[in-house]
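Below: one structure, written as structure tokens.
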């Protein structure tokens with residue numbers, strides 16, 4: 001019941017021209033199997049990095065300065081995930097336009113109201129602001145409600161089509177593409193997702209789904225925290241509010257910034273202690289509420305001493321095989337890129353199998369790939385490949 005990802009084969013307005021040819025899409029919302037299963041139970045540093053530090057290591061920040069949070073933070077593991085290339089916007093004042101509206105139930109005005117509510121969920125807790133512009137004007141984000149066959153999904157293997165009612169609900173593209181597509185076969189409503197016995201269809205909460213997809217459009221992938229809005233099954237579980245996990249992900253991606261100019265003054269007056277909820281939202285930097293988990297979800301690994309280097313032409317598909325002869329010993333395969341764990345497949349970019357890893361050679365995917373086969377705490381074997389793309 002995982003989500004698939006959409007990848008735009010050509011990127012315009014690219015920063016770092018070579019690697020944006022591989023811009024990842026946001027992951028897609030909900031599979032039909034997940035629905036059926038559920039039914040069974042009725043910056044400062046950010047901008048420097050954005051201009052070229054695409055291989056910045058995924059390292060946590062300093063120890064938190066807030067005593068009341070310390071005991072919780074030192075034992076938690078990082079839950080949010082970012083795109084492998086840490087794709088992000090280079091400005092906070094984003095515009096959006098609505099290219100088409102749903103044909104079922106919601107009027108254009110209701111649709112606008114629902115989307116605005118979803119955007120407010122993010123603008124209320126981040127430096128981002130969102131403003132709708134006319135459909136004919138250029139914008140950062142482009143929103144539309146589309147049929148099964150939409151835009152280039154039939155001719156592009158990297159952008160899939162929708163699948164009709166109650167299947168995939170929506171998908172979004174990572175920055176700087178800005179596309180957010182909703183399945184027009186769904187019955188969108190302003191209110192909780194529920195089954196309508198009168199109509200015989202599922203009614204889907206537009207605000208909740210849109211807020212999740214906006215998170216992808218800002219550069220966040222799925223969170224592993226059960227109660228996070230960016231969790232894989234957030235809609236199924238009914239979590240509608242942004243969690244601290246999303247805030248840490250935004251801090252990691254865009255820097256931890258105060259939202260108003262009086263934060264320093266408020267911090268001196270002791271608001272960080274007596275008004276923690278307000279100050280976490282408005283003044284995370286002045287109150288030292290910024291925190292990066294130093295613990296990866298899977299332990300990092302060092303590359304083996306013997307690493308094979310492969311020079312390949314851009315666009316070539318490559319597959320690495322690992323530990324096929326010893327998997328009968330019940331070993332488990334772990335994959336890493338540049339010593340950081342790979343935990344998910346990204347269709348059109350990277351595919352993880354039990355004992356193989358497939359990638360498309362491009363500037364984003366350059367690096368050192370390592371596989372480690374472990375049985376409990378014992379390492380059975382290790383392989384490593386260094387990929388370099390020919391210009």
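Here the Cβ of each residue, glycine as well, is placed from N, Cα and C on the backbone.
In Swiss-Prot, the transmembrane segment annotation falls on 20-38 of the listed ranges 20-38, 39-57. Per Cα geometry, 149 is the residue among the recorded positions 93, 149, 283, 287 nearest to residue 317 (N-linked glycosylation site). Taking only the Cα positions, the spacing between residue 322 (disulfide bond) and residue 287 (disulfide bond) is 47 angstrom.
Per-residue pLDDT, averaged over the topological domain 'Lumenal' (39-391), rounds to 75. The CA atom of residue 290 (disulfide bond) is located 33 Å away from the CA atom of residue 371 (disulfide bond). Put simply, 256 is the one of the recorded positions 93, 149, 213, 256, 371 whose Cα lies nearest to the Cα of residue 283 (disulfide bond). Of all the Cβ atoms in the protein chains shown, 23 others lie within 10 Å of the Cβ of residue 371 (disulfide bond).
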